[in-house]
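Engineer: Let me give you the structure first, and then I'll get to my questions.
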Amino acid sequence: MSQQVIIFDTTLRDGEQALQASLSAKEKLQIALALERMGVDVMEVGFPVSSPGDFESVQTIARTIKNSRVCALARCVEKDIDVAAQALKVADAFRIHTFIATSPMHIATKLRSTLDEVIERAVYMVKRARNYTDDVEFSCEDAGRTPVDDLARVVEAAINAGARTINIPDTVGYTMPFEFAGIISGLYERVPNIDKAIISVHTHDDLGIAVGNSLAAVHAGARQVEGAMNGIGERAGNCALEEVIMAIKVRKDIMNVHTNINHHEIWRTSQTVSQICNMPIPANKAIVGSGAFAHSSGIHQDGVLKNRENYEIMTPESIGLNQIQLNLTSRSGRAAVKHRMEEMGYKDTDYNIDHLYDAFLKLADKKGQVFDYDLEALAFINKQQEEPEHFRLDYFSVQSGSSDIATASVKLACGEEIKAEAANGNGPVDAIYQAINRITGYDVELVKYDLNAKGQGKDALGQVDIVVNHHGRRFHGVGLATDIVESSAKAMVHVLNNIWRAAEVEKELQRKAQNKENNKETV
């Protein structure tokens, strides 16, 4: 009987480090819910000691997620571990993941310490974490460049201290697959108490072999794989979980292991992460790229038509990609839209049917037929923008031409007040942004602008993703419309609402901190 490989997702911790703009607490929760639906065993959702905002988001996710184990990261520092436990304690069960560097280079130049001191510190911190939970994971940072004998000493001591998962990271993506397999095998040979812990791996893609390293480690005995959806992460990224999961499934004949992942949710989870994180998936990306199941060669097309297995080792349906696209019209009722969303795998909690149906009718009136990809895009945008809005686009008009300076007039609802402004700009989008900035008085600098078609043909929806810099912080906004200028305006309004909400959250955190201080003084 095959053994289970535990899937540990770090999209919301290590993966987020690659983003140009930090995710809001609501966006993180959306991703966490998608990961739970896909069936990840463990999700690492943040580094609570790093900021009050991260603490709050970890706490919110820990309170909400029920079917996956929620985990938080902590250095081998007392405060880190205590704060992580404080954020996680609202969960029924949780994991604390603590780490310290073990390679000679890191010990000498970063920690300015010795291996013996590192072991002593690791043991103390694992024991401290065990005071809060039985589920403690310990990582040997830069394990890939740590001599195996040294690594074995650290691992044995951490297990004796109470760590139930030992993670072996290739922190800088340096190790080759055969080397990494050798490290795992070497630990099994050298560590007498290794049967008391799960051996985990965490690989990076600097040399393009993160997935290969993880699979080689599993073949050598590792039983947990850490990674991120779509491989997002620092530098060249993390191990792409969807690739590991499907490799284990497709090649079960030689891997002889399995995961508990609902692989039919892979495609939708991948899309959720891509859209929320504003990181488009390359067309040639394995498993989830738009070209992953495309066949352009005549020979291949003929072979697939005769038997799909001639050129397909897995099906689009196996990852939840339904290739049958149905269309709805403005005559389709609310029940028909809801039924189609259910057929595509969406639950009632994934969208607001009232908001979705209103947006559907507006789009159907414009383009006649609404396809599955239109519905999914509308559902995503409405989910992103369902929170109370301080700013709302009331009206806009643009005049521009090949030789004229673009002029825009904009009306914006700011709370209960309607404000209007006009401005010139270098093109219609810039003119609208100048007018909006005049209305709000927000000092924002546009640092990224992306336009992607959601669908096919001249009436396809255009999704605009922007990133702006505001007082040293970056914020992401998204807009969707059949008109590019309108979607650009909506994206800017979305950004401004995100900035406004972030300021409100900051005020609330400051209020709580002040109340805490006042209570201390009273006592």
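One is the number of the first residue shown, and numbering goes on along the chain from there.
Using N, Cα and C of the backbone, Cβ positions are placed for all residues, glycine too.
Per Swiss-Prot, the feature Mn(2+) binding site maps to Asp14, His202, His204, Asn238; the stated evidence is sequence analysis. Residues or ranges marked as domain 'Pyruvate carboxyltransferase' in Swiss-Prot: 5-267. Marked as region 'Regulatory domain' by Swiss-Prot: 392-523.
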Engineer: Sort Asp14 (Mn(2+) binding site) into helix, strand or coil using the DSSP assignment.
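Structural biologist: Assignment for Asp14 (Mn(2+) binding site) reads coil.
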Engineer: Out of His202, His204, which of these binding-site residues shows the lowest number of other CB atoms within 10 Å of its CB?
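Structural biologist: Sparsest of the binding-site residues His202, His204 by Cβ contacts within 10 Å: His204.
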Engineer: Among all protein chains shown, how many Cβ atoms are found within 10 Å of the Cβ of Asn238 (Mn(2+) binding site), not counting that one?
Structural biologist: 30
Engineer: Around the Mn(2+) site formed by Asp14, His202, His204, Asn238, list the extra residues of the same chain whose Cβ is within 8 Å of the site's Cβ centroid.
Structural biologist: Thr10, Pro169, Thr171, Thr203, Ala210, Glu226, Gly227, Ala228, Gly233, Glu234, Gly237, Cys239
Engineer: Once the chains shown are all counted, how many other Cβ atoms turn up within 10 Å of the Cβ of Asp14 (Mn(2+) binding site)?
Structural biologist: 24
Engineer: Averaging the per-residue pLDDT over the region 'Regulatory domain' (392-523), what integer do you get?
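Structural biologist: Mean pLDDT across the region 'Regulatory domain' (392-523) comes out at 86.
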